[in-house]
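Q: Pasting in a structure now, in structure tokens, and then I'll have a few things to ask.
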Amino acid sequence: MTSATKTNNSGSISSPIVVALDYANKDAALAFADQVSPQDCRLKVGKEMFTLYGPELIRDLHQRGFDVFLDLKFHDIPNTTARAVAAAAELGVWMVNVHASGGARMMSAAKEALLPYGAQAPLLIAVTVLTSMDSEDLRDIGITISPAEQAERLAKLTWDCGLDGVVCSAHEAVRLKQVCGEDFSLVTPGIRPQGSEAGDQRRIMTPEQAVAVGVDYMVIGRPITQSPDPEKTLREILASLTKVA
């Protein structure tokens with residue numbers, strides 16, 4: 001029932017960096033993958049690229065030795081979400097996610113769908129509050145508490161459902177580790193090396209700051225993918241993390 005194209009979920013890759021493959025075409029994405037080492041990072045495939053190129057892109061990245069985070073943020077009725085998560089497991093991805101706001105029944109169904117895969121199941125994480133959202137954005141959709149409070153509420157629900165962790169802002173990391181435990185994985189977008197533009201992220205941190213507050217995996221896109229020398233930039237970020245006490 002497990003995929004033959006699976007790379008690994010054993011933790012043999014120690015890098016906390018997940019590079020977002022936000023490219024307009026597959027050739028550009030694969031050209032980038034050929035410039036960096038799978039020992040230095042994992043790769044994230046999101047909605048745009050997966051919609052355009054589908055499972056073939058995942059297989060191409062697996063053939064190059066990369067672990068893949070399939071970032072599709074499933075949010076649907078429990079049965080549909082469970083089937084989608086199982087389909088991701090069949091692809092052999094390292095990590096897959098759902099929206100925590102889909103509720104406990106949806107998240108529990110997704111978790112149960114991965115049980116037959118045992119140790120080969122992908123990590124299943126939930127999105128709390130998008131890092132592009134601030135308090136005003138939450139008020140617009142009827143949520144009157146702060147992004148941090150909403151993230152904590154949804155993280156607790158995710159933990160109760162037995163998922164492996166959450167996608168959250170690095171600003172919530174310390175509190176979420178306290179609430180959900182050290183083994184609860186925190187995956188954070190909105191990470192920008194010093195001097196990088198914020199782009200469309202509003203709640204950002206540097207890689208060093210993120211590691212210091214307990215982030216397990218940091219998603220970094222344009223600062224690496226648009227670098228003239230992506231591997232050099234990646235290595236520089238990794239080197240900076242070794243200095244974090």
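Glycine residues also receive a Cβ, built from the backbone N, Cα and C atoms like all the rest.
Okay, so Swiss-Prot annotates it like this:
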- Lys73: active site, proton donor (ACT_SITE)
- Asp22, Lys44, 71-80, Thr131, Arg192, Gln201, 221-222: substrate binding site (BINDING)
Q: At a 10 A cut-off on CB-CB distances, which of the binding-site residues Pro78, Gly221 has the highest count?
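A: By the 10 Å Cβ neighbour count, Gly221 comes out on top.
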Q: I'd like the number of other C-beta atoms within 10 A of the C-beta of Thr131 (substrate binding site), please.
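A: For Thr131 (substrate binding site), the 10 Å Cβ neighbour count is 26.
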Q: Just to verify a number: CA distance, Asp22 (substrate binding site) to Lys73 (active site, proton donor), in angstrom, no decimals.
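A: One finds 16 Å between the Cα atoms of these residues.
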Q: To the nearest Å, how far is the Cα of Thr131 (substrate binding site) from the Cα of Lys73 (active site, proton donor)?
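A: Cα to Cα, Thr131 (substrate binding site) and Lys73 (active site, proton donor) are separated by 14 Å.
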Q: Using a 10 Å cut-off, grab the number of neighbouring Cβ atoms around the Cβ of His75 (substrate binding site), all chains included.
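A: The answer is 18 other Cβ atoms.
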Q: Between the Cα atoms of Gly221 (substrate binding site) and Lys73 (active site, proton donor), find the distance and write it as a whole number of Å.
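A: Here the two Cα atoms are 17 Å apart.
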Q: Hey, does DSSP put Gly221 (substrate binding site) in a helix, a strand, or just coil?
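A: It is coil.
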